[in-house]
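What TrEMBL says about this protein:
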| type | residues | note |
| --- | --- | --- |
| TRANSMEM | 31-50 | transmembrane segment |
| DOMAIN | 34-254 | domain 'Cation efflux protein transmembrane' |
| TRANSMEM | 62-83 | transmembrane segment |
| TRANSMEM | 95-116 | transmembrane segment |
| TRANSMEM | 136-154 | transmembrane segment |
| TRANSMEM | 200-218 | transmembrane segment |
| TRANSMEM | 224-243 | transmembrane segment |
| REGION | 369-390 | region 'Disordered' |
Amino acid sequence: GTIHLFRKSQRSLVGKLTHEFRLVAADRRSWKILLFGAINLICIGFLLMWCSSTNSIALTAYTYLTIFDLFSLVTCLISYWVMMKKPSPVYSFGFERFEVLAVFASTVLAQLGALFILKESAERFLEQPEIHTGRLLVGTFVALFFNLFTMLSIKNKPFAYVSEAASTSWLQEHVADLSRSICGIIPGLSSIFLPRMNPFVLIDIAGALALCITYMLIEINNYFAVDTASAIAIALMTFGTMYPMSVYSGKVLLQTTPPHVIGQLDKLLREVSTLDGVLEVRNEHFWTLGFGTLAGSVHVRIRRDANEQMVLAHVTNRLYTLVSTLTVQIFKDDWIRPTLSAVPIANNILNLSDHHIIPMPSLKAADNLNPVTSTPAKPSSPPPEFSFNTPGKNVSPVILLNTQTKPYGLGFNHGSAPYSSVLNQGLGIPGMGAAQGFRTGFANVPSRYGTNARGQPRP
């Protein structure tokens, strides 16, 4: 084949991922996350073996929280990678949406794991197996210690933002009500429980508490069904905690406007519309580009005599306080004034020397207008006597022969005359076979002309 000397070699997907991983691993801040990721994998391996030996589905549900911690560490690495990357022609807004996608994928996978636990728990209610408690309590404390140590040691910027910005889960609301009651008795605990506990720490503690209750009930009464009930409780808590975060990150991916900034945006747009030279602000669209980053675009119509650069600077200065990535399109006002033009009529259609034109009042007096074209009469003008119950303003111009002179200028004989005789005198429509090529706007002509209600000819 052809040898391209200066063509760059195409990397495979694995090669690209390896290159980006080396880029992240070169930063010392990532070493701590990689260390915690390696310990997490070892911990997950031990927990899965203990789940198999104890035959406890509640411990399996709690182990899924440790797997979620691994996803959160990967999200933290992606966040560091996003800070290192600069915008490119393909990704002109940067790579911030990758961490949004990572949060969305992590929370959705955690909910899928919870649904799997619910499905397995429903099957166990039909046939409950025996639970061995030898390593149940050990696995519970190992998973609790590692989950809390990971959450409190690693500063995960994406999940910290989502946990604060998303709506509260039902578990947080119930714990908040309980905390208010406790803080009413012991005010010193308000700094710990109020106003809102960390949802990840809360679910780790609640899951460990459910496993401890399961261990005690099985050891005392051999009540094995409590393990299945604890698994359902942990799955429901996991689903209820992750669902608000999935909804929030999903709305960011759909480029919706955050509800908490709509009022501020409306206020800024009203201020922009009152700036000197600004006539209209339209086609505004604002969306969340990443966590804590708002992007937007707006069209601004200004006066003809306004300074574009000055207006652009003022608009950007007003909106930049809230919108960090802003695109403003400035265009000057341009009014389009319609002009009336007369269309000439060919000589082979009408001959001015052989016809009379019934004059109609025109919209504007102009000397260069063709006298053949006329405009409809004004509504205030009286209808002509020959209109035959047809409003005069809707009648097209009538062209008649100049060979006879009759009253009212119509060329009709007084007295009774059949409709065929009228057509034989020369009244017709152009292109329909008439001998003189007449034009009329009357579609339904009565069979008698010039007679009153008693059949007598008009004077």
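Glycine is no exception: its Cβ is also placed from the backbone N, Cα and C atoms.
TrEMBL: automatically predicted annotations, no manual curation.
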Requested in this report: Run the contact check on the transmembrane segment (136-154) against the transmembrane segment (224-243): 3 or more C-beta pairs under 8 Å, excluding pairs closer than 6 in sequence.
Outcome: no
Query - For the transmembrane segment (62-83), distant same-chain residues with Cβ under 8 A (at least six beyond the ends) - result: 20, 23-24, 27, 29-30, 33-34, 36-37, 40-41, 43-44, 47-48, 51, 94-96, 98-99, 102-103, 105-106, 109-110, 113-114, 117, 139-140, 143, 146-147, 150-151, 154-159, 203-204, 207-208, 211, 234, 238, 290
Report summary line: Tertiary contacts of the transmembrane segment (95-116), defined by C-beta under 8 angstroms and 6+ residue spacing from its ends, are 61, 64-65, 67-68, 71-72, 74-75, 78-79, 81-82, 85, 87, 158-159, 162, 235-236, 238-239, 242-243, 245-246, 249-250, 252-253, 289-291, 293
Report summary line: Spatial neighbours of the transmembrane segment (200-218) not adjacent in sequence (6+ beyond its ends, CB under 8 Å) are 56, 58-59, 61-62, 65, 131, 133, 136-137, 140-141, 143-144, 147-148, 151-152, 159, 163, 171-172, 175, 224, 226-227, 230, 233-234, 237-238, 241
